[in-house]
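Participant: Encoded as structure tokens, here's the structure I'll be asking about.
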Amino acid sequence: MTNIVCLLSYLTQTTIFFIFDAFSSSAKLIKSFKGHTDRVYSIDYSTFDDGQFLCSGSYNNTIRVWNIEDNKQIQLSNENVSSVYCVKFSSYHSYNYHSNVICFSNDNTIDFWDIKDSQQSQVFNGHTDIVFDIKFSPFNGNRYFCSGSGDNTIRLWDIEKSKSLYVFHGHVRDVWCVDISPLQSNSNNKSNLIGAIGGNGYTICSGSCDSTICVWDIETAKLLNVFKGHKFEVKSVKYIPNELGISGGSNAILSASFDKSIRLWDIQSGKQIQVFNGHTDWIMAVEYSPFIVNNNEFNCNSNVICSGSLDNTIRFWDIRSNKKELYVINGYEKDSGIICLKFQQLKKKEKKRKNNEDINLYYGTNGGDICVWG
């Protein structure tokens, strides 16, 4: 426990954070995006053409793109689309070509869709069952991405070559969530070559219906570690991101499960650091937030994590303490559960509030709405 306390103390000393009390005391529902008629599995955020945009994927076989500033839907695609479990703006196309492309799961394929042309640009085949999650690499201009599938495997893909590079075998049930470790401290130019990834220590973590979390070497596809502790399906996994100030931030993994618990794992020791209990139904998503809170026990600041559940609540937790949650947002009855979460700092022209309140929380609901709390 001492190591993680020191690590998180370093984290709060090197990064600008937002005070959680300012958010929790004044935040409210400020807008919602309506159009989906069923569960919103995934949302993502991007800026382009001097605007701010949200994309969303739903169980009702649609992908939507929204203009955040005026709440208008600018794109809708439901042609040859199955239930969309994951949708993301392609950081590869944005970083390398300044083009606006969406990547999404479409049954057992992964499709890339050009927003401007409103047409498919690439399709990745290889999985033999539903693709549940997708993550882009933080290195090499976001050229690579990994995916988790109902075929019990994880795959690493090369966008430029349009092919699968590695298949990761080890889980015995559906892989529901994946993440790639953050950019290493010696690799700030984002230009790592694929042949150097393993030597630099990049890893993939995955969560499965088999209740385990696996950590893999990203270059060799070798299984490095298995974390056991959750009693049911693992729905969400996250490495500590570099935005929170940790150099080589792959030191800990956060996970959420259908066993109604959130757990924090230390990768080096292979042990569970904390467990957070309080939700009364399946937890669908967990995220690190940009907030800090004063922790009297350690006489310093702590980072705040956030979780969404089918109990129709969003809960905030002190990452250093497994005591009762800090704050609860109760969804509306029509929401019927919280499915996905996304924090976003406002652009300058939107900053009409005090600095500590310049964060919005977007969340997708079981009822189909996308809500914004800020």
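Every residue, even glycine, has its Cβ placed from backbone N, Cα and C.
Features from TrEMBL:
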- 33-76: repeat 'WD' (REPEAT)
- 124-167: repeat 'WD' (REPEAT)
- 200-226: repeat 'WD' (REPEAT)
- 227-275: repeat 'WD' (REPEAT)
- 276-327: repeat 'WD' (REPEAT)
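Let's see these features in context: how buried, what's close, how far.
Facilitator: Averaged across the repeat 'WD' (33-76), pLDDT for the predicted model comes to 91.
Cβ atoms under 8 Å from those of the repeat 'WD' (124-167) belong to residues 83, 85-86, 88, 90-92, 95-96, 103-112, 173-180, 182-184, 187, 190-194, 197, 202, 204, 206-208, 216, 218-221, 242 of the same chain, restricted to positions at least 6 beyond its ends.
Tertiary neighbourhood of the repeat 'WD' (200-226): same-chain residues 137, 139, 146, 148, 152, 154, 156, 166-181, 184, 186-187, 192, 194, 232-237, 239, 248, 250, 253, 255, 257, 259, 265, 267, 270, selected by CB-CB distance under 8 Å and a gap of 6+ residues from either end.
Within the repeat 'WD' (227-275), the DSSP-based counts of helix, strand and coil residues read 3 helix, 25 strand, 21 coil.
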Participant: Same-chain Cβ contacts of the repeat 'WD' (33-76) under 8 Å, 6 or more residues past its ends?
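Facilitator: For the repeat 'WD' (33-76), the list is 82-89, 94, 98, 100, 102, 104-105, 113, 115, 118, 339-340, 342, 344, 347, 350, 362-372.
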